[in-house]
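Taking it in order: structure first as structure tokens, then the write-up.
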């Protein structure tokens, strides 16, 4: 702690900011009245003294086929020559498969962990990085693909494995004629004195066997965007989706509306869309489009109410309706006005007055007369009539 002149209080001293008491590779933590030092990751010590931890000294830090390089506060792993990977996982490089070898003619490449070896064939021996026939013991000399073997009479020529003949003349045996490779997924490739089984198109090498390539998953297929890809052994098929036609690689939309109205109801509208179609019933009808039923606009509480006048009769028709003004009114049915019958001459009889009412009219006898069987007479006349 520290206390300023004339003050009664003490303040904490941040040793980490002033003295830097910890090691360069340590972290300093100030505490009340003190501090602590902690070595950083990959370093060990008491904090005031830190030394690098050699991770490479611990077994299994890197892959068994990798080299470990210690670095200050870290380390790195790198696969050995002949292997590939990130150093934590290393796989052998098959130089023989990659044709990345320097094997001479008349030899075979044999892969080994991290490297490869070249083995001379047909009785030849390695000399100065090439394969040469051995010193002749047979007379006449054996064929290039022949071997000189000891015999009861000295030496004789015999053809090497994979060849046939008398040793002086040797011809390659085509092992592929005997169907030596597994069927379907492999094909046989004949070589001088040997053969190999390679995966057919549509298969991939998986160790010593061939596995089908799912072109639908790898994106190697050539199907249309409107097609479904179906994987098969060694190949794949393309089928146009419903609503499209074509060979699967090329698919075009089918206009279903061109044939029988697409199966829609005869009065429905068919609308073609990409890969499908839709049916819609016309105004005044209802249904799915494949089935359409007339809506009775004249019915009470109809889902599609009519616009007839209150003084008109509604007549339902197929997909529509009509309106007719009732007796005593005239108009187009949607608008109906009262007919003033009193404007017509002789609507009422003699000695009568006409009174127009909505949808009808009333004939009244003039004052002083009484109605009697369709005519207006005096009250004396009514008495005589009775």
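Even glycines carry a Cβ here, placed using N, Cα and C.
What TrEMBL says about a protein is an automatic prediction, not a curated fact.
TrEMBL has this to say about the protein:
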DISULFID  138-148  disulfide bond
DOMAIN    12-51  domain 'EGF-like'
DOMAIN    52-89  domain 'EGF-like'
DOMAIN    92-132  domain 'EGF-like'
DOMAIN    134-171  domain 'EGF-like'
DOMAIN    172-211  domain 'EGF-like'
DOMAIN    212-252  domain 'EGF-like'
DOMAIN    253-291  domain 'EGF-like'
DOMAIN    294-337  domain 'EGF-like'
DOMAIN    338-375  domain 'EGF-like'
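Non-local contacts of residue 138 (disulfide bond) by the CB criterion (under 8 A, 6+ apart in sequence, same chain) comprise 148, 155, 156, 157, 167. Among residues of the same chain six or more beyond the domain 'EGF-like' (253-291), those with a C-beta under 8 A of the stretch's C-beta atoms are 226, 241-245, 297, 303-304, 319-321. The stretch from 92-132, 294-337, 338-375 with the most CB pairs below 8 A to the domain 'EGF-like' (172-211) is 92-132. In this view, residue 148 (disulfide bond) is surrounded by 21 other Cβ atoms within 10 Å of its Cβ, with every protein chain counted.
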